[in-house]
Amino acid sequence: MTINSDGIFKDWGERVDYSPVNGRKGKNIRSGKNADSKPEKPSGPATREKLARTTKRVPEVMVKITGGGKNMKHIEASIEYISRDGEIEIEDENGDLHQGLDGVKDVRDAWARGRIGIPEEGQKRKEAFNIILSMPPGTDRESVKDSARAFAAAQFRNHQYVFASHEDERHPHVHLIVKAVAHDGIRLNPRKADLQLWRVRFAEQLRERGIEANATPRRARGVIKKAEKQAVHNIDLEFEQGKRDSPSLITKARKQAAEQEVKTDKRRNNPIQDNFSAARKGVEKVYGQIARTLSKGDTEDKALALQIVDFVKQMPPVVTKHQQLVDDLRATEARKKAVKTNEVEQGRAEPRDERTR
């Protein structure tokens, strides 16, 4: 019989999976009141299913805010981009399809004439959010698009929005642009907890369509490195492509700090590394407690326990970006030194070979 372990699954959920911190509440720009925004906490059985998906390494969904327009000109440019200048069909919140630059203009005019107006120019605040919903290569593209449609309809049902599916890249993904202010005057104000909730709901839509999908925070998977900010990523990519003379200031500073540590051979005090190590120990402790409890259950429980143990063993090492750079630089120096030593030894050996002939 499957062991009753709702308590330990709840512990995993609270300490490892979802954040107990609420997302910041949106403001009702008409009444001045805050909109209620509380993340949902799954039940014990639902958490067990999520734990099983996590330790099975089911593909993780990606939901990312990439920017947003502060006026109508910015928003129109974003809509033109996701439509590939009118070549890709875009769909709005009513299910209406828009084709070509005339279709882009129709959407633009509908937003400009909405109940809450958007300034033509100006930089006061974000009037729209640009969001990407993505899955790993090989995921059925039509299912990703259908899931994105259902997600947007449920999550932003009181907002104007448009979306388009891009099929010219390996990762199936959908670009979604959402008007910041809803019809009832509530302004979107998404934070980290909100993005995690969006990931959970997008994953639910995918699973309803038969696609294996999961949505856990990095710590649940033993991942400590954050994804690079979009602006930094774009600058560094342009540098690698020869379109810029130098990488981003952040990347340059990281490299200089790593080079200094290698040069002086003096370890830099890195409290972040210590914090990561402590956090990893806490995560491993929770997984260990669950595995030990499940090992006392039936065949299904024991199988999950073994899956958890294997999952923890294969977690990525606890290494910060700085430490990784230092390790890479030292490895490069070691290789150069080995090559030089080999060349010197060969140079010394050749005369001896000549004398023996």
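Just so it is clear, glycine is given a Cβ too, placed from its N, Cα and C backbone atoms.
Any TrEMBL annotation is an automated prediction that lacks curation.
Annotated features in TrEMBL:
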- 13-53: region 'Disordered' (REGION)
- 33-52: compositional bias 'Basic and acidic residues' (COMPBIAS)
- 121-210: domain 'MobA/VirD2-like nuclease' (DOMAIN)
- 335-357: region 'Disordered' (REGION)
Counts of helix, strand and coil residues, the domain 'MobA/VirD2-like nuclease' (121-210), according to DSSP: 32 helix, 23 strand, 35 coil
PLDDT averaged over every residue in the domain 'MobA/VirD2-like nuclease' (121-210): 95
